[in-house]
Amino acid sequence: MGCTLSAEERAAMERSKAIEKNLKEDGMQAAKDIKLLLLGAGESGKSTIVKQMKIIHEGGFTSEDNKQYKPVVYSNTIQSLVAIIRAMGTLSIPFGDNERESDAKMVLDVIARMEDTEPFSEELLAAMKRLWVDSGVQECLGRANEYQLNDSAKYFLDDLDRLGAKDYMPTEQDILRTRVKTTGIVEVHFSFKNLNFKLFDVGGQRSERKKWIHCFEDVTAIIFCVAMSEYDQVLHEDETTNRMQESLKLFDSICNNKWFTETSIILFLNKKDLFEEKIKKSPLTICFPEYTGKQMYQEASAYIQAQFEAKNKSSAKEIYCHQTCATDTNNIQFVFDAVTDVIIANNLRGCGLY
């Protein structure tokens, strides 16, 4: 009889070895394919993170991209000024100079004619500049938490001469500061540290959330964005719910969701630059009445972080937290590098390769 293997048995062994090899290769390939889901409430900075990935990993914006963002910059700028003018009516703040009424009418007429994406005429630019330095407008800007105003309002309105120039072309920073509501799902692909990333940005407003569900399969990690600066603001959608309380509720539902028991969760406490300015004058007790700490960045941001981390009900799950400024490319590059290292370690462990 002997111990030689029959041709059939040899073929079966070869097949088995090949399957094992393929499984290992598949495992290594799976470890290289990274699916990231960007979640968070509306205006938490998700789309800005996507733009940063384009800058950091895809060579930035083309001149064609720059051109396409021009009307967005014009619209964001004039719409921000209009939001302030309308809020002055609601908050009963008069113009410092009555002559600004006619300037305000000119700006409102541009919106009414739906010409907000056009370059500013000389006349319009002069009116906007006069309005921007008006004491009433500046007073209303200081109360921006009482109405809905783009974070980038001051950034753009402080630079009207540059934006109004005939040869104006958006800079990288201008593009990062633009705001367009995300509807549907935006997908970005890039490679980094020998990994293939697919990043999905889904709309944060309540009406957009039902579109998330089919993105949930095979997610390697979730990046959950929170705007730290929104602790004293209410939602666009209902004007009564505190934005940070809404974020906490949403984080709770994501963090403890059955879909995500095996998924790494990375928390970006974003807009730290705005938070640092705001915390000096607007108390954290607006959102957290039980807070007794100082109105200082370190203590207040640590408290916010602790509130989010406390939502995690699983002792086996670690939340990886970073304080970020999504408009700062160096900061996001540094943070994303750290995030990738965590993903690599967790992923290899999950594939039994670490």
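Backbone N, Cα and C atoms are what each Cβ position is placed from, and that goes for glycine too.
Annotated features in Swiss-Prot:
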- G2: N-myristoyl glycine (LIPID)
- C3: S-palmitoyl cysteine (LIPID)
- 32-354: domain 'G-alpha' (DOMAIN)
- 35-48: region 'G1 motif' (REGION)
- 40-47, 176-182, 201-205, 270-273, A326: GTP binding site (BINDING)
- S47, T182: Mg(2+) binding site (BINDING)
- 174-182: region 'G2 motif' (REGION)
- 197-206: region 'G3 motif' (REGION)
- 266-273: region 'G4 motif' (REGION)
- 324-329: region 'G5 motif' (REGION)
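Here the region 'G5 motif' (324-329) has a mean pLDDT of 96 out of 100. Counting same-chain residues at least six beyond the ends of the region 'G2 motif' (174-182), those with a Cβ under 8 angstroms from any Cβ of the stretch are 42-43, 46-48, 51-52, 55, 61, 65-66, 69, 72-73, 76, 150-152, 155-156, 201-205, 208, 326-327, 329.
In the three-state DSSP scheme, V180 (GTP binding site) falls into the coil class.
The Cβ of T182 has fewer other Cβ atoms within 10 Å than any other of the binding-site residues S47, T182. Summary for the binding-site residues V180, V202, A326: the Cβ-based neighbour count within 10 Å is maximal at A326. For the region 'G5 motif' (324-329), the DSSP counts in helix, strand and coil order read 1 helix, 0 strand, 5 coil. Every protein chain considered, the tally of other Cβ atoms within 10 Å of the Cβ of L176 (GTP binding site) stands at 24. Look at S44 (GTP binding site): DSSP puts it in coil. DSSP assignment over the region 'G4 motif' (266-273) gives 2 helix, 5 strand, 1 coil. In space, V202 is the closest of the binding-site residues S44, L176, V202, N270, A326 to T182 (Mg(2+) binding site), judged by Cα positions. Annotation note: V202 (GTP binding site) sits in a strand segment as assigned by DSSP.
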